[in-house]
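For 169-224, the entry in Swiss-Prot reads ATP binding site, with the evidence type sequence analysis. Under the heading Mg(2+) 1 binding site, Swiss-Prot lists 295, 309. The Mg(2+) 2 binding site annotation in Swiss-Prot covers 309, 311. What Swiss-Prot records for 137-342 is domain 'ATP-grasp', and it gives sequence analysis as the kind of evidence.
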């Protein structure tokens with residue numbers, strides 16, 4: 001394929017969210033896949049970087065950020081969007097690698113839709129439902145999918161409901177986990193084993209979001225399954241995450257040596273098969289497409305398999321499960337990014 005026939009791919013990363021650094025690392029992996037093998041001829045990459053202040057930067061600056069792995073320092077100029085950098089209007093397919101708010105919540109997907117350009121991943125609805133943990137769990141419930149005990153909490157209840165702590169203790173007990181509804185990579189999440197930790201966890205989560213989720217802590221194995229496709233979805237082999245820390249927090253996820261993965265997970269065939277079917281049902285329940293990672297809790301003693309959450313724009317770093325699960329399923333990085341671009345709509 002000649003360069004004249006190469007499709008221009010807009011690889012957009014960074015973003016004004018707490019997962020900015022993870023996005024840079026994910027984009028570096030995607031860029032590697034786009035420059036490998038036959039993809040070098042198939043695609044011409046236009047890199048676009050969004051800094052922490054929401055400013056958009058063109059190819060030269062974006063490449064510098066990718067090569068250094070470091071976020072761009074704030075130069076004090078006016079924050080927010082001030083126009084597309086050079087090259088954006090040439091882009092034929094957008095490949096968003098933006099994690100967290102303004103990246104995987106339907107906002108950037110809405111912009112691409114307005115631009116009438118195809119893009120990798122879920123559309124506005126699937127992204128928004130998958131991002132908001134309360135909407136996601138409601139969608140899972142409506143589809144009859146198995147979940148652990150939880151309670152939605154509004155930040156306003158921390159002031160208006162004097163019985164909140166007692167109600168949570170009665171309904172869920174300890175340990176429990178407190179999460180903001182709209183952040184990923186375990187940002188703003190805490191574990192509570194007593195009332196003071198519960199109060200502190202609610203305050204922390206409320207500092208990130210007005211919608212919160214409190215979940216019962218369970219003695220489980222943590223499994224993950226990658227899903228790929230549009231109308232026809234396929235599920236990867238299962239992976240298992242183990243960690244030395246008390247729980248799988250942000251530092252554990254992204255610090256070398258604190259967590260380990262086993263791919264494929266050592267599971268009975270019936271459990272693996274059921275998880276793969278449930279993963280596809282979870283993607284359909286929220287209306288996602290393209291790529292998703294579905295996380296499970298497996299209660300080994302009872303054999304129960306519970307859906308924890310879906311991530312419609314999963315991490316793509318060198319230690320992220322999504323690309324590793326597909327590699328173990330016979331889809332290497334080069335082919336994976338190509339398939340995702342082929343699925344763009």
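Along the chain as shown, the residues are counted starting at 1.
The backbone N, Cα and C atoms fix where each Cβ goes, and this holds for glycine too.
Owing to the predicted nature of the structure, the values given are computational and were not obtained by experimental measurement.
Sequence features annotated in Swiss-Prot and their locations in the structure.
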residue	record	CB count, 10 Å
169	ATP binding site	15
176	ATP binding site	24
183	ATP binding site	22
190	ATP binding site	19
204	ATP binding site	16
211	ATP binding site	19
218	ATP binding site	17
295	Mg(2+) 1 binding site	21
309	Mg(2+) 1 binding site	19
311	Mg(2+) 2 binding site	23
Who sits close to residue 197 (ATP binding site): which same-chain residues at least 6 apart have their Cβ under 8 Å from its Cβ?
190, 191
Between residue 183 (ATP binding site) and residue 295 (Mg(2+) 1 binding site), how far is it from one CA atom to the other, in Å?
16
With DSSP assignments reduced to helix, strand and coil, which class does residue 218 (ATP binding site) get?
coil
Given the binding-site residues 295, 309, 311, find the one whose Cα is closest in space to the Cα of residue 169 (ATP binding site).
309
Distance from residue 218 (ATP binding site) back to residue 309 (Mg(2+) 1 binding site), taken between C-alpha atoms, in Å:
15
Can you work out the mean pLDDT of the predicted model over the domain 'ATP-grasp' (137-342)?
92
Rounded Cα separation (Å) that holds between residue 211 (ATP binding site) and residue 311 (Mg(2+) 2 binding site):
18
Three-state secondary structure, which DSSP defines for residue 197 (ATP binding site):
helix
Give me the CA-CA distance between residue 218 (ATP binding site) and residue 295 (Mg(2+) 1 binding site), in Å, as a whole number.
14
